[in-house]
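A.B. asks: To start, I am sharing the structure in question, which I have written as structure tokens.
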Amino acid sequence: MAFSRGPVFLLLLLYLLWGSDTSLIRLNENGYEDIIIAIDPAVPEDTTIIEHIKGMVTKASTYLFEATEKRFFFKNVSILIPESWKDSPQYRRPKQESYKHADIKVAPPTVEGRDEPYTRQFTQCEEKAEYIHFTPDFVLGRKQDEYGDSGKVLVHEWAHLRWGVFDEYNEDQPFYSASSKKIEATRCSTGITGTNRVYACQGGSCAMRRCRTNSTTKLYEKDCQFFPDKVQSEKASIMFMQSIDSVTEFCKKENHNREAPTLHNKKCNYRSTWEVISTSEDFNSSTPMETSPSPPFFSLLRISERIMCLVLDVSGSMTSYDRLNRMNQAAKYFLSQIIENRSWVGMVHFSSQATIVHELIQINSDIERNQLLQTLPTSANGGTSICSGIKAAFQVFKNGEYQTDGTEILLLSDGEDSTAKDCIDEVKDSGSIVHFIALGPLADLAVTNMSILTGGNHKLATDEAQNNGLIDAFGALASENADITQKSLQLESKGAILNNSLWLNDTVVIDSTLGRDTFFLVTWSKQAPAIYLRDPKGTQTTNFTMDSASKMAYLSIPGTAQVGVWTYNLEAKENSEILTITVTSRAANSSVPPITVNAKVNTDTNTFPSPMIVYAEVLQGYTPIIGARVTATIESNSGKTEELVLLDNGAGADAFKDDGVYSRFFTAYSVNGRYSLKVRADGGRNSARRSLRHPSSRAAYIPGWVVDGEIQGNPPRPETTEATQPVLENFSRTASGGAFVVSNVPSGPLPDLYPPNQITDLQATLDGEEISLTWTAPGDDYDVGRVQQYIIRTSKNIIELRDNFNNSPRVDTTNLTPKEANSEETFAFKPENITEENATYIFIAIESVDKSSLSSGPSNIAQVALFTPQAEPDPDESPSSSGVSVATIVLSVLGALVLVCIIVGTTICILKNKRSSSAAITKF
């Protein structure tokens, strides 16, 4: 039965439209509330970190208030403290705060020795980022010389996080040819003054020299750096170098530097940072304050053991599609392998009414796990009352003498319940976190709102058992606050429908970062299959434990499993047999973080025809893994699956190339309702490696300052090159990305409503008299297929091209045949009507058009300078420009003085000689 769509539902729907942003931040009367700063479990205990966090945020709040013209400040902040740190009377238990929802993470650096503060940002302009990453040394103030005051750095990163702006410097293009025909440092605003120099240190000594010009680029050489003057008067911009004392503002339209090749210009279409911030929802829902705000309020929350209640549906519909048995298989997997030791777990069954079948018990060994396994349901009947089950879970917590704050409810249901919306407010106010697993196509949508409102997970498992969705969903519910080295990670999840004597064969890789508690799980629907498992040395393992009643077999590898390729072969013994296999393992060494994959979509709810964006992040610790092979499987609630190859190429849906985030558009909607996401990642063909590049969206490193005309350099930061990146051993991972809901999908064939994706990586270079262009090909439908044609236009004015693309001069592209999506495109043309006298810039943009005449819109704008810019004059050489240098003037003055002295001296001598001659004659 469908529930009525009253005011409560509409309010919740509006909340959902915020997207899949995991942050719990709210803006309330100009103040940001519910900010979470989490200290990583890998950080050794040091309570001074907490005090430094408080000081940093307090200073940042004042700075933010002034920088935003008295609009925003930090109102209250929760600091999450690791469970491994000693308890204190001032620490409280978290409610819905968790590491998953952290806005700022204090964690080890991405690469040892590099403490650069950055924001994990893999979305587009104006879109919120993931989190800010500070290292302990940075928070403790040990990197102030390199990055400046930590409070000002926090405001720089907050702008990335909250408003989706980007940096206004560019270390890949630190200099550019300005319209003044001079070489300028990439910055905003141009009012920031400084000196360009090469600063090199070796063997404890450092030397400095002038920058030379590169003969190819006509710009300064690679090692040239811009050293800002310590004393400045310019106030902008925070997104360039917030460490400058005078800088207190974001660049505005009036002082924005559109010429500079900054990432912000490229991503935000040459708008200033303040223009972007001014269009944000935060800005539009606030007005400047008349008084100064109070300092931030801090809550200290220490992670503690999990308190969870399983709330399992035993209504009559659970007898369909083998749902009851499949739920029990997945629950056994969760209770035996996923839930952590020291957790408190209880269990409730519900249909028309709810029954407490097990009070809270702390898991310390297999004894407690087995006690819980004995209480799994064996029969199902009756209706569905979800609120009854949730209220029974609250009673379980109360019976265990726990408040509901921070407790977790794992709710599984397959049915609709018109009364489910009645307890939404109670659930939200409880402080409990609801994780919802929707089983089948009819599970109630109101409960989806519960999970999102409480910060829980939302999963979908269809009735297509071969897709293994139910086991994947339970397996994804490990603690969000546990150390990653203690979590059970999924290496394999696969299934198939097979006839008698047919096989499910494949391999799974156990890499050196894993191997502890390795677990193989096989399930079937009719009769136990023949199971063959061989380790990397070829030794066969046959000692699986058979659980015929639950139709599952499992094997735990003692100690640390062998590194390498494990081979499995499963032989079906019945026709139309459904077999699945799941493999999990934990980190082999607590000091070496394992490779992980995390998956998500850009929004929890969507309306046709808006596309979804699928993301998969592959990391080792905080270090991105690039060059991996990543695929996503999207399953509708009817069981239909679509597979996408995710890309890290910086084109289409992917915002940044080689950042360890693999992305793709998804538009292949088939039905209304829920869809689930599952991602698989492996090492590819010996191509995966750790990225040692500096992360994007970070505070600028200060190479030094110009003080009283002298450069005072900082120690050069640690650098690495592409050549030093090691190729990784092969690995395999799978991960559940949760569920999303799509509405308004029409029945029947879908019309062509999807244009090509916008080109975002257009680059232009001047090659003799020709301009060469490169870009990544879009597709007929976003990043799939092939476009019909490209339209290339140019202009001498960047804003004219941006705002009036269709009326700008068009380049002849008769001989340009589009390639398949995600291919590299190249094209060269000779610009017309350009003379040496008026040569400045040419700006170029591309629009792609598909067979239905749908266009992508103009690309990012590339530019080419048609002149050789002037470098800073060298005092050792004659200047090439007109005018007289200071040295020339000085030499001229000295020469004139010498000449005057010679003339005066000669005159005196002549006069003396005349006097001598006259005296002799008179005397005579």
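Every residue gets a Cβ built from N, Cα and C, even glycine.
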A.B. asks: Name the residue among Asn543, Asn806 that Swiss-Prot annotates as N-linked glycosylation site.
C.D. replies: Asn543
A.B. asks: From Asn284, Asn815, name the one Swiss-Prot lists as N-linked glycosylation site.
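C.D. replies: Checked Swiss-Prot: the N-linked glycosylation site annotation sits on Asn284.
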A.B. asks: Compute the centroid of the Cβ atoms of His156, His160, Asp167, then list the same-chain residues not in that set whose Cβ lies within 8 Å of it, in sequence order, for the Zn(2+) site.
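C.D. replies: Here the non-site neighbours turn out to be Thr119, Glu157, Ala159, Val165, Phe166, Ile238, Met239, Ser697, Arg698, Ala699.
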A.B. asks: Spatially, which candidate from the glycosylation sites Asn214, Asn284, Asn341, Asn730 is nearest to His160 (Zn(2+) binding site), comparing Cα atoms?
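C.D. replies: In terms of Cα distance, His160 (Zn(2+) binding site) lies closest to Asn284.
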A.B. asks: Show which residues of the chain containing Asn284 (N-linked glycosylation site), separated from it by at least 6 in sequence, have their CB under 8 Å from its CB.
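C.D. replies: Asn284 (N-linked glycosylation site) has no long-range Cβ partners.
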A.B. asks: If you count other CB atoms within 10 A of each CB, which of Glu157, Asp167 wins among these recorded positions?
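C.D. replies: Checking each of Glu157, Asp167, the winner is Asp167.
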A.B. asks: Of the recorded positions His156, Asn449, Asn499, Asn505, which one sits closest to Asn543 (N-linked glycosylation site) when you measure Cα to Cα?
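C.D. replies: Answer for the nearest of the recorded positions: Asn505.
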A.B. asks: List the Cα distance (Å, whole number) between Asn449 (N-linked glycosylation site) and Asn76 (N-linked glycosylation site).
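C.D. replies: The separation of the Cα atoms works out to 25 Å.
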A.B. asks: Which ones in the same chain are close to Asn589 (N-linked glycosylation site), with CB under 8 Å and 6+ residues apart in sequence?
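C.D. replies: Listed in sequence order: Thr485, Thr513.
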A.B. asks: Counting distance between Cα atoms, which of the glycosylation sites Asn76, Asn341, Asn499, Asn505, Asn730 is nearest Glu157 (active site)?
C.D. replies: Asn76
